[in-house]
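Engineer: So TrEMBL says this about it:
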| type | residues | note |
| --- | --- | --- |
| REGION | 1-29 | region 'Disordered' |
| TRANSMEM | 39-59 | transmembrane segment |
| REGION | 67-89 | region 'Disordered' |
| TRANSMEM | 98-122 | transmembrane segment |
| TRANSMEM | 134-159 | transmembrane segment |
| TRANSMEM | 179-200 | transmembrane segment |
| TRANSMEM | 212-230 | transmembrane segment |
| TRANSMEM | 281-298 | transmembrane segment |
| TRANSMEM | 346-365 | transmembrane segment |
| TRANSMEM | 371-390 | transmembrane segment |
Amino acid sequence: MGGCAGSRRRLSDSEGEETDLAPRPPLQDSQGAHWKNAVGFWLLGLCNNFSYVVMLSAAHDILSHQRTPGNQSHVDPDPTPTSHNSSSRFDCNPVSTAAVLLADILPTLVIKLLAPLGLHLLPYSPRVLTSGICAAGSFLLVAFSHSVTISLCGVVLASISSGLGEVTFLSLTAFYPRAVISCWSSGTGGAGLLGALSYLGLTQAGLSPQHTLLSMLGIPALLLASYFLLLTSPGPQDPGGEADSDTSARQPLINNEASESKPGSGSPLSLQERWTVFKGLLHYIVPLVLVYFAEYFINQGLFELLFFRNTFLTHAEQYRWYQMLYQAGVFASRSSLRCCRIRHTWVLALLQCLNLAFLLVDVWLSYLPSIYLVFLIIMFEGLLGGAAYVNTFHNIALETSDEHREFAMATACISDTLGISLSGLLALPLHDFLCQLS
């Protein structure tokens, strides 16, 4: 489990000048290096997705933004009915929470579209530093904003941080044992759970959304410390960390003859090679797009419409509980790779689409008698989404050749972002349609 890629491909700013992949020299103790890298990638996953998750958890509060006397920014944690359409059975916000989703995902989409064109070849350290600064800026901007518009600008910063970080760290896994993919995925799941749970817990305890966001400024600092102080430099070791029989049972996504570049050559892939790799990835990309389209259509299109009046929870509290339970499911499944591996990810896409159809019909007909049934469905939704993510990238890592793995990882990470973006675009008109009818 302590092996690292023997086919390490070095990134160069110029001929003979090597760009850093990780900032520290290799350790002699391979077991110690293994644990440092495992913990490092888990923390990177946690910190990278934390601001993104918190912004989605705060979406209902951001859109209920009200200015208090003295021109002080204030986001009421339990908005009064005057900020909603009280005559609507959905208790609608004037704007769908999908607006926050789009602000939280479209910059990420742009970044990931640029990644296959060469973004992944830029030096790692400046990208990590930029990601950390943007994450801190997002918390500060939303916390001190005086309007929804400024708050959404802060959400955009969180999106830039998350998108740039995901492209960077998934590409970086190509130079480490494949086991770090599971650590990264588990960390991103942990970000969902801890981010949603911390926002829910602190606001439920009486802390204002502003002070809740300011209390999270240590997360960007932890991201930078994890990268610059914890990760070890990749060394000439075996990349798999798994039985050879597992790898040999897979067919490469592209034929080795399609590429003349050798591991460690540092030469970028040609456009033809990139296109060949991309086509080989489609049977993983398409199911992941569908999974994330369905689950985020539920999360940002239906969560705020799944409103139960006959409970002790307010509308804002129901929304936060939905987000937290979803993230709990994601965390459990993203951490389950050692227990359960799924090759045919299209099954997960089918089940997630059925989830969407079931809850969409419930929004229209209101046939579910209890919010606790919705809680169970939402946890199942999170389990499907997390399983699709971790198994997709694990399968890609197994099936790509060493010289193409970095590009494949950077390319495949566009799948979830594309699905989320499409769901946000469709959730906005659905919200307006249903709220006008009710």
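Backbone N, Cα and C define each Cβ position, glycine as well.
Please treat TrEMBL annotations as automatic predictions, because they have not gone through curation.
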Engineer: Should the transmembrane segment (281-298) and the transmembrane segment (212-230) be scored as in contact, given a threshold of at least 3 Cβ pairs under 8 Å and pairs 6 or more apart?
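Structural biologist: No, since the transmembrane segment (281-298) and the transmembrane segment (212-230) share fewer than 3 Cβ pairs closer than 8 Å, they do not count as touching.
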Engineer: Given a Cβ distance threshold of under 8 angstroms, which distant residues of the chain, six or more beyond its ends, lie next to the transmembrane segment (212-230)?
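Structural biologist: That would be 22-24, 36, 39-40, 43-44, 46-48, 50-51, 54, 58, 125, 128-129, 131-133, 135-136, 139-140, 142-143, 161, 165, 198-199, 202-203.
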Engineer: Using Cβ distances below 8 Å and needing 3 or more such pairs, separated by at least 6 in sequence, tell me whether the transmembrane segment (134-159) contacts the transmembrane segment (179-200).
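Structural biologist: When sequence-distant Cβ pairs are counted, the transmembrane segment (179-200) does not touch the transmembrane segment (134-159), since fewer than 3 lie under 8 Å.
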Engineer: Quick test of the contact rule: Cβ under 8 Å, at least six residues beyond the ends. What residues does that give for the transmembrane segment (39-59)?
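Structural biologist: 75, 97, 100-101, 104, 108, 131, 135, 138-139, 142, 154-155, 158-159, 161-162, 165-166, 169, 173, 176, 180, 183-192, 194-196, 198-200, 209, 213, 216, 219-220, 222-223, 226-227, 230-231, 299-300, 319-320, 323-324, 327.
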